[in-house]
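A.B. asks: Take a look at what TrEMBL says about it:
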- 46-332: domain 'NADP-dependent oxidoreductase' (DOMAIN)
- TYR74: active site, proton donor (ACT_SITE)
- LYS103: site 'Lowers pKa of active site Tyr' (SITE)
- HIS136: substrate binding site (BINDING)
Amino acid sequence: MFRNTFRQLSSGVRSYSKMAKNNPKNIPSLRLASGHVRPLVGYGIWKVPRSTCADSVYNAIKLGYRHIDGAHDYQNSTEAGQGVRRAISDGLVKREDLFITSKLWNNYHRYENAIAAAKRENDAWGLDYLDLFLIHFPCAQQYVPPEVLEYPCFWTDATQKHVAPLEKVPNSETWAALETLVKSEENPGGILKSIGVANFSNQLLYEVLAAAKVPVSVLQIEHHPYLVQDSLVKMAQEEGVVVTAYSSFGPQSFIELGNEDAKGVQALFENEVIKGIAAKHGKTPAQVLLRWATQRNIVVIPKSNSAERLAQNLDSVGFDMSNEDLDAISGLDRGLRFNNPGNFSNLRIF
């Protein structure tokens with residue numbers, strides 16, 4: 001089996017390498033299998049409105065964030081790129097100080113469509129390259145012209161009224177397409193520095209690892225105390241794949257979307273275990289939830305509209321919890337997935 005060369009550290013953030021360039025908050029980082037370095041805490045732009053996205057990204061960078069996590073599906077890449085370029089123009093950062101992530105949507109999994117979509121996404125950001133590009137979900141759907149696909153796409157076809165049917169495109173084909181765009185000595189014109197996957201199960205990740213010629217650098221998954229996914233995390237880390245958590249606050253992000261599972265469960269911010277550990281360390285529940293992930297070598301990409309909470313999220317790596325604390329939080333696991341396409345699209349990929 002193909003095996004990535006990088007192996008995750010397990011002794012806490014003091015063992016992480018530091019970002020070498022313009023890292024005012026001294027945020028720890030992880031080295032990917034590609035050899036590139038990625039900050040442990042980033043700013044996620046899912047659900048950030050287009051009208052405010054440029055300013056939100058600019059202000060996050062000004063505050064000290066160096067990692068921005070986006071996606072074609074979020075439909076705000078152009079605005080996010082405007083914020084990035086303004087920060088560079090104003091001298092806050094250089095391009096090489098930043099780590100920009102985006103993702104390939106399901107309608108573009110065929111080889112030629114994946115290549116074209118990655119190029120469009122890079123152009124939307126207005127950058128020379130993307131630091132990381134992920135296959136957003138492990139399922140190919142019927143092609144929809146990019147000018148038709150608008151947010152929220154919710155897995156729809158060109159009419160935007162029906163779920164787009166699946167296409168028989170293996171993930172290995174999509175991966176091979178992205179490999180052709182990876183920047184290297186042999187391919188200096190590449191527009192992607194690292195590539196990875198999101199929302200893949202153990203078996204699907206194994207299949208990509210087995211076929212990959214370019215290392216799988218990242219696996220991004222829903223990960224919070226109600227959905228620990230311990231087996232998947234361990235497998236990825238053993239294979240040298242850095243894990244990124246989205247929805248670190250569990251149901252919080254999904255309540256406003258009308259998710260019944262999210263509305264029917266206790267908010268993690270109100271959970272007595274989380275609140276007790278937060279009080280013990282003099283931290284907020286949000287900081288405890290983020291540190292639970294980062295102390296276990298998992299990257300986090302929280303979003304907030306509050307400058308105060310953005311700063312708190314960025315500073316969440318500034319303390320350590322005991323193993324007992326970590327285990328108590330992990331013990332809240334219910335196997336409860338909030339981002340399940342099977343609930344709203346009949347595409348049962350989990």
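Each Cβ is built from the backbone N, Cα and C atoms, and glycine gets one as well.
Keep in mind that this is a model prediction, so the values were computed, not measured.
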A.B. asks: On the 0 to 100 pLDDT scale, where does the domain 'NADP-dependent oxidoreductase' (46-332) sit on average?
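C.D. replies: That region's mean pLDDT is 95.
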A.B. asks: Where LYS103 (site 'Lowers pKa of active site Tyr') and the residue listed as 'substrate binding site' are concerned, what is their Cα separation in Å, rounded?
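C.D. replies: Here the two Cα atoms lie 5 Å apart.
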A.B. asks: Measure from the CA atom of HIS136 (substrate binding site) to the CA atom of the residue listed as 'active site, proton donor' and give the result in Å, rounded to a whole number.
C.D. replies: 11
A.B. asks: Tally every other Cβ atom lying within 10 Å of the Cβ atom of HIS136 (substrate binding site).
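C.D. replies: Summing over all protein chains shown, HIS136 (substrate binding site) has 20 other Cβ atoms within 10 Å.
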A.B. asks: Please give me the CB contact count at 10 A for LYS103 (site 'Lowers pKa of active site Tyr'), counting all chains in the structure.
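C.D. replies: Result for LYS103 (site 'Lowers pKa of active site Tyr'): 26 other Cβ atoms within 10 Å.
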A.B. asks: Including all protein chains shown, what's the count of other C-beta atoms within 10 A of the C-beta of TYR74 (active site, proton donor)?
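C.D. replies: There are 22 such Cβ atoms around TYR74 (active site, proton donor).
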A.B. asks: Can you tell me the three-state DSSP label for the residue listed as 'substrate binding site'?
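C.D. replies: It is coil.
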A.B. asks: For TYR74 (active site, proton donor), what is the secondary structure by DSSP, using just helix, strand and coil?
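C.D. replies: Looking at the DSSP assignment, TYR74 (active site, proton donor) belongs to a helix.
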A.B. asks: Using DSSP reduced to three states, classify LYS103 (site 'Lowers pKa of active site Tyr') as helix, strand or coil.
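C.D. replies: Assignment for LYS103 (site 'Lowers pKa of active site Tyr') reads strand.
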